[in-house]
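**Q** TrEMBL lists these features:
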| type | residues | note |
| --- | --- | --- |
| TRANSMEM | 12-32 | transmembrane segment |
| TRANSMEM | 38-58 | transmembrane segment |
| TRANSMEM | 88-107 | transmembrane segment |
| TRANSMEM | 113-132 | transmembrane segment |
| TRANSMEM | 144-164 | transmembrane segment |
| TRANSMEM | 184-204 | transmembrane segment |
| TRANSMEM | 241-273 | transmembrane segment |
| TRANSMEM | 293-314 | transmembrane segment |
Amino acid sequence: MTISTFFKFIKIETNLTSALPAILGFLFSYWYFGNLKFLPSLLFFIALMFVSAFVTAWNSTMDYVKATNDEYRLQHNQLSVYKIPLKTAYLTCGILIGLALILGIFLIFLTNWLLLLIGGLCVLVTIFYTFSPFAFSRMPLGEILAGLVEGFGSFWLACWVNNWNSGYLLLDWNVASGEFSIHGNLWTFLLIAFAGIGTAVFNFNIMLSDNICDLEQDIRNERFTLPYYLGKKNAIKLLHFMYWIPFALMILSIFLGTMPIFSLIVFLAIPFIKKRVDEFTKRQVKSETFPLIIQNLPIFEGLWIMGMTIACVLKMIQI
């Protein structure tokens, strides 16, 4: 497999869906808690990129294996389009998740056993998203899990690896006796959850719009996603509604003091997002209008990163 084919196989551009929330988590950690640790942050970010690449490659591989429609399997799936042998696809997936696990083990020793629990759960979700007879991607759970794991999970863990010893969520485990306990601060946990939930919405919307485009094809392949149960019209209405949630949460977060005033810069994204969503509403074409929905994530989160960066720089020089 060439480097070019590898990047196409893992859809390198989709790494933004995990990378940007993680960067926001790092910035939030520094702005709110005053903590940003170089080595844990670096290891986490690299491991996250390996996991993100694995997720895309694994999903394409499982969709190829499970496809019941020959047209999709032979003409549209990544393995067929880029002529990737199934054994090569499996090997690539194994290497990617193996590298992520090695970095994860190092990170556990730098932080706390809780990473094993939460990180392990996230990895299991990514594996069983398309694997097993009860794959999540074939149920109306795919959009929710994509938002929680890729978006919010990246933000939350990026913040946690820098503040794990601040006491807001820890796992104490006595290996000799086998006794363990989880303890933390509920309000701090909820504060971080509230701050990062906007990242989940954009990942949710990407998966929702993807499934809207693939609705007929998914039905032929026995994948019954959220748009199947809602119907295409209601799914598009849900897409429109969901886009307003991050903006509403941003106003509330600034009012509560959990986001800097500079985060208001995200409101500059509204006309750009609206234009793309309106175009998608007119035509749900995977190759033409679906990329417009993907673009909404870096537009919103890119502006958010700009606002957070300004706030962090001002904090650094104590203005």
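Using the three backbone atoms N, Cα and C, a Cβ is placed for every residue, glycine included.
No curator has checked TrEMBL annotations; they are predicted automatically.
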**Q** If you count every Cβ pair below 8 Å, which range out of 12-32, 38-58, 113-132, 241-273, 293-314 shares the most with the transmembrane segment (144-164)?
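**A** When the Cβ pairs under 8 Å are tallied, 12-32 comes out ahead.
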**Q** What stretch of 88-107, 113-132, 184-204 shows the most Cβ pairs under 8 Å to the transmembrane segment (12-32)?
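**A** Out of the listed stretches, 184-204 contacts the transmembrane segment (12-32) most.
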**Q** Please figure out which one of 113-132, 184-204, 241-273, 293-314 racks up the most CB pairs under 8 Å against the transmembrane segment (38-58).
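**A** By the under-8 Å Cβ criterion, the transmembrane segment (38-58) pairs most with 113-132.
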**Q** I need to check the long-range neighbours of the transmembrane segment (293-314): which residues 6 or more away from its ends have a CB within less than 8 Å of a CB in the stretch?
**A** 13-14, 16-17, 20-21, 23-24, 27-28, 30-31, 198-199, 202-203, 205-206, 209-210, 239, 243, 246, 260-266, 268-269, 272-273, 276-277, 280
**Q** Can you work out which residues elsewhere in the same chain, 6+ from the ends of the transmembrane segment (241-273), have a Cβ less than 8 Å from its Cβ atoms?
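**A** 31-32, 191, 194-195, 197-198, 201-202, 204-205, 208, 296, 299-300, 303-304, 306-308, 310-311.
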